[in-house]
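> A single structure is presented below for examination.
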Amino acid sequence: MNVQEQGFPLDLGASFTEDAPRPPVPGEEGELVSTDSRPVNHSFCSGKGTSIKSETSTATPRRSDLDLGYEPEGSASPTPPYLRWAESLHSLLDDQDGISLFRTFLKQEGCADLLDFWFACSGFRKLEPCDSNEEKRLKLARAIYRKYILDSNGIVSRQTKPATKSFIKDCVMKQQIDPAMFDQAQTEIQSTMEENTYPSFLKSDIYLEYTRTGSESPKVCSDQSSGSGTGKGMSGYLPTLNEDEEWKCDQDADEDDGRDSVPPSRLTQKLLLETAAPRAPSSRRYNEGRELRYGSWREPVNPYYVNSGYALAPATSANDSEQQSLSSDADTLSLTDSSVDGIPPYRIRKQHRREMQESVQVNGRVPLPHIPRTYRMPKEIRVEPQKFAEELIHRLEAVQRTREAEEKLEERLKRVRMEEEGEDGEMPSGPMASHKLPSVPAWHHFPPRYVDMGCSGLRDAHEENPESILDEHVQRVMRTPGCQSPGPGHRSPDSGHVAKTAVLGGTASGHGKHAPKLGLKLDSAGLHHHRHVHHHVHHNSARPKEQMEAEAARRVQSSFSWGPETHGHAKPRSYSESTGTNPSAGDLAFGGKASAPSKRNTKKAESGKNASAEVPSTTEDAEKNQKIMQWIIEGEKEISRHRKAGHGSSGMRKQQAHESSRPLSIERPGAVHPWVSAQLRNSVQPSHLFIQDPTMPPNPAPNPLTQLEEARRRLEEEEKRANKLPSKQRTKSQRKAGGGSAPPCDSIVVAYYFCGEPIPYRTLVRGRAVTLGQFKELLTKKGSYRYYFKKVSDEFDCGVVFEEVREDEAILPVFEEKIIGKVEKVD
C-alpha cells in the first residue's frame, strides 16, 4: 500500500460529534477522519515552512518506524499522543507534533535555544566518526560551540556549568573531536528543561488549548514541519513584532482555493492597515473571548496597533475601532413613513455590542509604544539658559538682601538690648566686677539720688561747676527720659553735685519728733549719707558749719565713687566696717521712703514748673543747709545713744547678716510707730537692683530695740530645738551639716534584706521606737517569715549580731541610728 504523508483529504462526512476516541472504520485505515466540521481556515500562520495538521487524534496514526508504515487494525493505542506528552520529556520529544508545540512554547518564553541545542547534540552524536566525516564533524562542533557555548549571554551558556564549557572549549581548540564531547552539556540542558520549561509547558495555555480541542484547534506552527502532513498558512493572529527586530517569514506563498494569498514576507504599515478588517472578525471567532498570550512577560498587542513604533490613535479609540464604526448609530433616519429603516435590527446591534465587549477583553488596554529617551525633553530645561540664569541671579540677590537686612536688624536690636541692660555701665575688675547697673527703664523706679548718680556718670570731682553739671543733667533727663547711662570712663560726681542733689531731693523738711530719729521726712540722699558723716562731726564740733558740710559732702562723694581711680581714697570707718555685710530689711525700708520726693518732683515737672531744673536762691540754700546740719546733729546723738547701750559695730554687722535671711522685723506691729510701720510696708517693695553692691553706702542702722528683741527670740528658738534633740544625735547632725540626707528628728530609717536579696529595702518610719508589728506592716509580701535585726554585741569578735525578734510588741534594736533587719522565709 502506497501511503503518502502529505496532502491527506478531509472526509467531512465521517466526522464524529463525540470526544471519545473511536477505532477507524474497517477498510478506511488510511483515511483521516475529522471529529469536527469546523473549517480549517482558523489556523495560525506558519513561521518557517510549517504546515497545518488537520487530522484528528482518533484517525489511524501513520508510524514510519513500523513495518507497514502504520499500525494494523485493532492495535491502535487508545491513549491520545498529547496525553502521552505529559508522561515524560522523552515522550514529548519523540513525537513530531509534541516537538513542534513545545518549540512554539519555548519561543514564546525566549528559550528555544535549549531545544535546538539538545537536537544539535543528538545529531552530532549520530555522525559516524570516519575520515570522510571528520571535516564535517569539526565544522559542526565549532558551529555548536560558537552559537550556544561561546555566547555568555545565551541561555544555553548560562545553564551550562563552567567546567563543561571549559572541556568543550579544549576539545574544539585542540581539534580532539569526540562524538560524546557534548553529552555532558546535553544532559545539563535536559535537566534544565525537565525542571523548568517542561512543567511550565504542561501548564501553559497553548498545551491546554491543544488538549481541550483534541488536537483539532488551530495552533501556531513551528519551524520544523510536522511529519503527519502539511497545509497552507492561513491568515490569523500575527506574531508579536519586536521594536528592534524585523519580522521575517521564510514560508513560500501558496494559493488556496477561494482564498487570497498570504501576506508578503515583509511586514509593513501599509499591509497592516489593508488587512485590518479581515483580521478583526477572524480573531474574534477564533478566541471566543479568550486571551492568547505570546509571552508571560508581555501584554498582548495586536500587530494592527503597532505602527512603526508610534501609535496612530489613543488606546481608548484603538480598541477595535472597526467594530465601533460598524455598530455606530450614525446612519440617517428615514421619516417618510412609519418605518425606521436607518437603525439596524436589535439582534444585530446586540451582537455587535457583544463582539465589542469580547474584543475589549481580548485586547485589553493597548500599551503605548516605547519612546526612546533621546526624543524626550529633559524636565530640568524648561526655559532658556540665559533667562534661567538671570532669574536665578535675581532671586539669589533678593535672598541676599533679605538676609543682610535681617542681620542688620538683629545687630540693632542687640545693640539696643545691650544699651537697655546697661552694657556701658559694666564695672571694672575689683569689688565692682560682679555687679552691673540696671537697665535704662529701671532708673525711673529709684529715688532721685540714684537716678542722678546713674545718669550723670562718673565725673571728675574738681573739673566743672557742680551747679552747671546738675542743670545739664536735669535738662537732659527731662528731655530724654530713656537716655543711656554714661560709661565708666566718664567723670565722677564732685562734692558740690552730691550736695546739690541732696538739697534738691529733700524738698520736705523733717517736722515732728519722729522725723529726726527715723529720717522718714528727710530726703533719700540724707538717709543714706548720715552714717558716713556723723562719725566725723562729733570730733570737731567747733568747726564752722560750712566746713562740716563740705567735709560731709566730700566723704559722701568718696563713698559714691564707682570708678577704679576712687578705690584708693580714704574711706570712713563705718564704711569699712559695713562693706562686707548685706543691708538689712530695715535699711531697705528706710531707703524705700525716698520715692515721695521723686513723686513731687515729677508732678512739678508735669505742671510745667520744672522746679528741679531751677537753681535755688541763696535763702533756700541757707534754709536747706540748716536742715542738713540739724539732721547731722540728730544722727550724732542717736549714735552716741546706741554706743551707750553697748551695741558695737561688730554686733551690728553680725545682726545685719542675720536680718538678710529673715522676714522684715520692722513690719511687726509695735516695733515702730503704727503709721510709720504702714508706710514702711508699702515702700519696701520693690528693692533696688544694686542694693547689695559692696561699694554702695550702707543704709541707716535699724532700731536697736527691734534688733535686741529679734536676737532674744532666735536664741530662745535655738535653745528649744537643742533641748529636743539628744546630745549624741545633735553632735552627729553638726558633723553632717549641709547634707540633706539626715532624717527628721521624729523619724528613723528602717532597712531590711528580704529573703537573701543583695540589695536592701529602705524606708522611713515615724517615731524612735519601732515594734515588730510595725515592721511587719512594711512588708509588701505576706507570709511566714523569721525576723533578725542587727545590734551591737560583745559576745563575738565581730562586735555585732543579728538577733531574732518574735514578739510583735518587742522594740526593735537600733544600730547606728538605723534599724537593720533580715527577713528569712520559713521552710
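Even glycines carry a Cβ here, placed using N, Cα and C.
Keep in mind that what you see is a predicted model, and the values were worked out from it rather than measured.
Not my notes, these are from Swiss-Prot:
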type	residues	note
REGION	1-81	region 'Disordered'
MOTIF	20-29	motif 'Tankyrase-binding motif'
COMPBIAS	34-61	compositional bias 'Polar residues'
MOD_RES	Ser75	phosphoserine
MOD_RES	Ser77	phosphoserine
DOMAIN	88-211	domain 'RGS'
REGION	215-287	region 'Disordered'
MOD_RES	Ser217	phosphoserine
COMPBIAS	242-258	compositional bias 'Acidic residues'
REGION	315-344	region 'Disordered'
COMPBIAS	325-339	compositional bias 'Low complexity'
REGION	348-432	region 'Interaction with GSK3B'
REGION	353-411	region 'Interaction with SIAH1'
REGION	433-501	region 'Interaction with CTNNB1'
MOD_RES	Ser468	phosphoserine
MOD_RES	Thr480	phosphothreonine
MOD_RES	Ser485	phosphoserine
MOD_RES	Ser492	phosphoserine
MOD_RES	Ser509	phosphoserine
COMPBIAS	530-542	compositional bias 'Basic residues'
REGION	530-625	region 'Disordered'
COMPBIAS	543-554	compositional bias 'Basic and acidic residues'
COMPBIAS	575-584	compositional bias 'Polar residues'
MOD_RES	Ser578	phosphoserine
REGION	642-667	region 'Disordered'
COMPBIAS	713-722	compositional bias 'Basic and acidic residues'
REGION	713-742	region 'Disordered'
> Pop the mean pLDDT for the region 'Interaction with SIAH1' (353-411) in here, whole number is fine.
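Reported value for the region 'Interaction with SIAH1' (353-411) is a mean pLDDT of 78.
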> Look up Ser468 (phosphoserine) in the DSSP assignment and report helix, strand or coil.
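Once the DSSP labels are grouped into three classes, Ser468 (phosphoserine) ends up as helix.
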> If you run through the domain 'RGS' (88-211) with DSSP, how many residues end up as helix, strand and coil?
96 helix, 0 strand, 28 coil
> Counting every protein chain present, what is the number of Cβ atoms, excluding its own, within 10 Å of the Cβ of Ser468 (phosphoserine)?
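So the number of other Cβ atoms within 10 Å of Ser468 (phosphoserine) is 12.
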> Using DSSP, how many residues in the compositional bias 'Basic and acidic residues' (713-722) fall into helix, strand and coil?
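With helix first, then strand, then coil, the compositional bias 'Basic and acidic residues' (713-722) has 10 helix, 0 strand, 0 coil.
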